[in-house]
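Listed features, source Swiss-Prot:
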SITE      Phe77  site 'Plays a critical role in the stabilization of intermediate cation'
BINDING   Asp80, Asp84  Mg(2+) 1 binding site
MOTIF     80-84  motif 'DDXXD motif'
SITE      Asp81  site 'Plays a critical role for substrate recognition'
BINDING   Asp84  Mg(2+) 2 binding site
SITE      Glu156  site 'Plays a critical role for substrate recognition'
BINDING   Arg177, Arg230, Arg317, Tyr318  substrate binding site
BINDING   Asn223, Ser227, Glu231  Mg(2+) 3 binding site
Amino acid sequence: MPQDVRFDLPFETPVSKHLESARARHLRWVWEMRLVHSREGFEEYRSWDLPQAAARTYPHASADDMVVLMNWFSLAFLFDDQFDASRPDRADRIAEVARELIVTPLRPAGTPPRVACPITLAWTEVWKHLSHGMSLTWQSRFAASWGRFLEAHCEEVDLAARGLEGTLGLVEFTEFRRRTVGIHHSIDAGERSRGFEVPAQAMAHPVMERMRDLAADTIGFMNDIHSFEREKRRGDGHNLIAVLRRERGCSWQEATDEAYRMTIARLDEYLELQERVPQMCDELRLDEAQRDGVRLGVEAIQHWINGNYEWALTSGRYAAAKEGAVATAELAGRGSVDDLLTV
């Protein structure tokens, strides 16, 4: 089964020692912020085990910061599931909420949202903590990556609302997937989790830019493989395996094998570029402190590639079968048990 597909990743990453204590605080917060309304929705959310994802991708965060990062994961993942195929007009509300999420980092931290719902209220609180202590340069970079991700999500929802979800060709899809996977700003958050910043000149270098793109591709493709059963069950055509099968007229297994090959190719190219990082630092004439920032930035990418992979192998989010209210919601074309876009 796709969720069981294994990759031989060349690096291991730690898991935060704060996982269990932060998990308890986080789950209370999710309920208090009404990011889940029902017992069924809460149990489904718990099965995803997003706290493990945060603990693996940001293993060096402090106890308090780990809770903030878990909280951020919750609102982002839950917002991703808000489209309802039986209500195409839902796309307009999603776009309205997405615009609010995009502009929040551009306002003074803590400014109440103009569009109020559980998702925007939660993001306002999270951003106040997530941005604390970071430079305007970092905040602007994060906001740009976050905005591109949310805009791409709206494009995806709009395609689904118009019945065009499965119409992208492979080249177009892979470029689109790089934006919808939401990895660039997630790697940026790795800097916040350890209290450092990658020098701006390194971030602008073609080697670092390509490494981040390849990391996004690698993670996005692995995610498409591991989530395939869930997305096939929901009729979601925004998946690499589905695109390959449609474009090449092959079997599901052949499409899965090709998706695996494409993932390995992206990972191999990433590893080749990673070996060129010292040369990049020499070229930019970085001092020791700046080189440390680059080194930690590369570790942040590794934490995301390996941490997300390890989490996806066991997360209930990608389980092959669902029961009860969750199964009913999926059969009705809803991605979520609870509506989080209204007050």
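Using the three backbone atoms N, Cα and C, a Cβ is placed for every residue, glycine included.
This view paints the features noted in Swiss-Prot onto the structure.
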residue: Phe77; record: site 'Plays a critical role in the stabilization of intermediate cation'; CB count, 10 Å: 17
residue: Asp80; record: Mg(2+) 1 binding site; CB count, 10 Å: 16
residue: Asp81; record: site 'Plays a critical role for substrate recognition'; CB count, 10 Å: 19
residue: Glu156; record: site 'Plays a critical role for substrate recognition'; CB count, 10 Å: 22
residue: Arg177; record: substrate binding site; CB count, 10 Å: 23
residue: Ser227; record: Mg(2+) 3 binding site; CB count, 10 Å: 20
residue: Arg230; record: substrate binding site; CB count, 10 Å: 21
residue: Glu231; record: Mg(2+) 3 binding site; CB count, 10 Å: 18
residue: Arg317; record: substrate binding site; CB count, 10 Å: 20
residue: Tyr318; record: substrate binding site; CB count, 10 Å: 21
Environment of Asn223, Ser227, Glu231, the listed Mg(2+) 3 site - residues of the same chain whose CB lies within 8 A of the CB centroid:
Asp224, Ile225, His226, Phe228, Arg230, Asp236, Asn239, Tyr318
Sorry to bug you, but what's the C-alpha spacing from Tyr318 (substrate binding site) to Glu231 (Mg(2+) 3 binding site), rounded to the closest Å?
8
Measuring Cα to Cα, how many Å separate Asp81 (site 'Plays a critical role for substrate recognition') from Arg177 (substrate binding site)?
16
Hey, what's the widest CA-to-CA gap across Arg177, Arg230, Arg317, Tyr318, the substrate contacts in the record, in Å?
19
Would you mind splitting the motif 'DDXXD motif' (80-84) into helix, strand and coil residue counts from DSSP?
1 helix, 1 strand, 3 coil
Within 10 Å of Tyr318 (substrate binding site) (Cα-Cα), which of the recorded positions Phe77, Asp80, Glu156, Ser227?
Ser227
When the Cα-Cα distance from Arg230 (substrate binding site) is computed for each of the recorded positions Phe77, Asp80, Glu156, Asn223, which gives the smallest value?
Asn223
For Glu156 (site 'Plays a critical role for substrate recognition'), the one of Arg177, Asn223, Ser227, Arg317 that lies nearest, given that the binding-site residues are compared by Cα:
Arg177
Three states by DSSP: which one describes Ser227 (Mg(2+) 3 binding site)?
coil
Sequence order is fine: just name those recorded positions in Phe77, Asp80, Arg177, Arg317 with a Cα within 10 angstroms of Ser227 (Mg(2+) 3 binding site).
Arg317
Taking the Cβ of Asn223 (Mg(2+) 3 binding site) as centre, how many other Cβ atoms lie within 10 Å?
21
Measure from the CA atom of Asp80 (Mg(2+) 1 binding site) to the CA atom of Asn223 (Mg(2+) 3 binding site) and give the result in Å, rounded to a whole number.
14
